[in-house]
Amino acid sequence: MQFERKHILDMESLSAEEITFIIDTADRLKEISRRPVKKVPTLRGKTVVLFFYEASTRTRSSFEIAAKRLSADSISISKASSSMVKGETLIDTAKNIEAMNPDIIVVRHSSAGAPHMLARLLKTSIINAGDGMHSHPSQALLDIMTVREKKGSVKGLKIAIIGDISHSRVARSDITGFTKMGAEVVVAGPPTMIPKGIESLGAQVADSSDDAVKKADVIIMLRIQKERQNSFLYPSDREYSKIFGLNRERMKKAKKDVLIMHPGPVNRGVEISSELADGPYSIILDQVTNGVSLRMALLFLISGGIRNADTD
Ligand code: CP
């Protein structure tokens, strides 16, 4: 298939065929990261700007590594190191970046819809690296890639997403992405952290975290997004951990071949015990590894794929 998209903004706008094509491309690019010299000339001469208005470890570094492995030039701009601290608006900052002719701007912003707005206002390709509580498409794509790699297929699997669903862009993008790929998604967590109408995205709400764990082929644990909550939504970390956290006791109810995932950052001892985060069911670091090739695929495809690649 020909990938014709200029932007990657959310999972809603990607078809199952496009998701498969992106992940197939990422699978093919993965071996580059295993070479002694981890670099190909494919995006030589292209410029990627990483514009991160919010903190990030995994997304930012993997986009940067992905750009470098494809020989693109990349620069990073954070809120703290930009003139936004002097009062410059997001739009003015973005227009000034665009005036320097980058090919792709990767944006993370605390406001939902910021990347969509930039995609409307600018001519440059935009990749959403996480916008507020709305969407995190590259995370959902790497999650689907990792499950497909480990289980062979996503279709028919039961995916349990447990934790702070309300404030999680990963939850929204994973629900949309996994259901598009034919999986069944169940969510669980404190009632104060399950948004009304979540069923409209295609997820079912489990009766309890035990119930969600028992039936799941894949368990995705989420941290409590305290930075996005403006009131106390649970009594204490200890109580949360006991009722909703993944620990040795709760895992006794899980299937023998279950996979444990987490988008990170992990709050050990709250949503998941260290023993399970580091244990044999955990594929948390596989997600991070796949994040590089998945983001290489996005940069490659958004740049026009093989048509615009440097093949020297
Ligand atoms: N999963 C994720 O978005 O992690 P970072 O916030 O570290 O990028």
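Cβ from N, Cα, C; glycine included.
TrEMBL does not curate its annotations; it predicts them automatically.
Here TrEMBL flags 6-149 as domain 'Aspartate/ornithine carbamoyltransferase carbamoyl-P binding'. As annotated by TrEMBL, carbamoyl phosphate binding site applies to R58, T59, R108, H136, Q139, G264, P265. Marked as L-aspartate binding site by TrEMBL: K86, R169, R223. Summarising the annotation, TrEMBL assigns domain 'Aspartate/ornithine carbamoyltransferase Asp/Orn-binding' to 155-301.
Shown here: features listed in TrEMBL, placed on the structure.
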| residue | record | Cβ neighbours (10 Å) |
| --- | --- | --- |
| R58 | carbamoyl phosphate binding site | 17 |
| T59 | carbamoyl phosphate binding site | 24 |
| K86 | L-aspartate binding site | 6 |
| R108 | carbamoyl phosphate binding site | 25 |
| H136 | carbamoyl phosphate binding site | 26 |
| Q139 | carbamoyl phosphate binding site | 24 |
| R169 | L-aspartate binding site | 23 |
| R223 | L-aspartate binding site | 19 |
| G264 | carbamoyl phosphate binding site | 19 |
| P265 | carbamoyl phosphate binding site | 11 |
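Taking K86, R108, R169, R223 as the candidate binding-site residues, the subset whose CB lies under 6 angstroms from any atom of ligand 1 is empty.
Per Cα geometry, R169 is the residue among the binding-site residues K86, R169, R223 nearest to H136 (carbamoyl phosphate binding site). Mean model confidence of the domain 'Aspartate/ornithine carbamoyltransferase Asp/Orn-binding' (155-301) amounts to 94 (pLDDT, 0 to 100 scale).
Note on proximity: of the binding-site residues K86, R169, R223, the one nearest P265 (carbamoyl phosphate binding site) is R223, by Cα distance.
Maximum intra-site Cα distance, L-aspartate binding residues K86, R169, R223: 32 Å. DSSP classifies H136 (carbamoyl phosphate binding site) as coil under the three-state reduction. For the carbamoyl phosphate site, the Cβ centre of R58, T59, R108, H136, Q139, G264, P265 serves as reference, and the other residues of the chain with Cβ at most 8 Å from it are S56, T57, A129, G130, V170, P263. Binding residues for carbamoyl phosphate (R58, T59, R108, H136, Q139, G264, P265) extend across at most 16 Å, taking the greatest CA-CA distance. Across the domain 'Aspartate/ornithine carbamoyltransferase carbamoyl-P binding' (6-149), DSSP helix (H, G, I), strand (E, B) and coil residues number 65 helix, 27 strand, 52 coil. Comparing Cα positions, R169 (L-aspartate binding site) lies closest to Q139 out of the binding-site residues T59, R108, Q139, G264.
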